[in-house]
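Chemist: Features from TrEMBL:
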type	residues	note
DOMAIN	20-288	domain 'NADP-dependent oxidoreductase'
ACT_SITE	TYR57	active site, proton donor
SITE	LYS82	site 'Lowers pKa of active site Tyr'
BINDING	HIS113	substrate binding site
Amino acid sequence: MAANIPSFTLNTGAKLPSVGMGCWQGQPGPGRDNELVDALVRAIKVGYRHLDTATGYRNEAEVGQAVRQSGVARSEIFVTTKLRPGGVHDVVQELENSLNELGIDYIDLWLLHWPQGFTKDDGGFGTGESFGLEHQKHLGPTFNETWAKMEDVFLNSHKGKVKAIGVSNFSIKNLEILAKTSKVTPAVNQIEAHPYLPEHELVKYCKHKSIHVTAYSPLGQYNASIHEDKDLNEIAKKHDVTAATVALSWAVQRGTSVAPKSTNEKRMKQNITLIKLTDEEMKQVDVISQDPTRSTRLNYFVVNKETGTVLGWTMDEMGWEVGFLEEPGKSTKRIAERK
């Protein structure tokens, strides 16, 4: 039986569970195939109904296998996957590859993973050896051109095979550029968001445009500072829960869904057990990032620490106001920031 997880209604009318299971395993590649399948089956059994993967994670096959092994009807599980930056040259083929890898008849939500478009042979999350870290600057189609192809797939050539389309890692700046040519408003913008990167203005903008926001890395990445945060732990103590529960509850209560990742069944259960925060507690979390030592992105995988670029783009091209702290919670020295 599914846990009592609230859901959000997308601009397509579809229901997206507020807490999903992120399937990113820390590096591209299937790695521990059976372990991942087993973990996802457990996640479904304890109540998860949203699995968030991507072609670039190279584990779509394992995600699809978990859906089939779970014993839960396909119609009850919301599956998100993403079009990788290196695949924008052949959108139709990339979609068909995802459907084949997943082994399912349709995808609930297909996201454009990054605004960048890469050349076919220089990485791009899933081809080559660099996994997208050492790309040349954008040499492929613009995201407006790629989105037009995704729209055609959604509305015409593969209608019904993709239930909704959206974007990921898009700033207000790039959403505005996209809106100049788009026919379909993205159903979702999946972004890094957590108490150290609340993205208040972007969340407000997306809500105004009927674009739902999903937060990836809602508990940070490769960094324990969020779990150790003094404000989150102060609130957690009052409710006899963990700092992670406070962070996830705050995210959902403000209207964003989340996709934390875990292979530990105890933490899986904790992550879908949300609490009600008071207005004062919500405000306390809202302002954590006003502390300059706690205002940072934590997805260090995508940033070149020498150049400060993100998958080949400058912070200005990304439209990102907040960069990366070298030591979150300890110093204000930054690896990358907008000039």
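Placed from the backbone N, Cα and C atoms, the Cβ positions cover glycine too.
Where in this structure would I find these features, and how exposed are they?
Modeler: Annotation note: TYR57 (active site, proton donor) sits in a helical segment as assigned by DSSP.
Neighbour density for LYS82 (site 'Lowers pKa of active site Tyr'): within 10 A of its CB lie 28 other CB atoms from the protein chains shown.
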Chemist: If you count Cβ atoms within 10 Å of the Cβ of TYR57 (active site, proton donor), leaving out that atom itself, what do you get?
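Modeler: I get 26 for this one.
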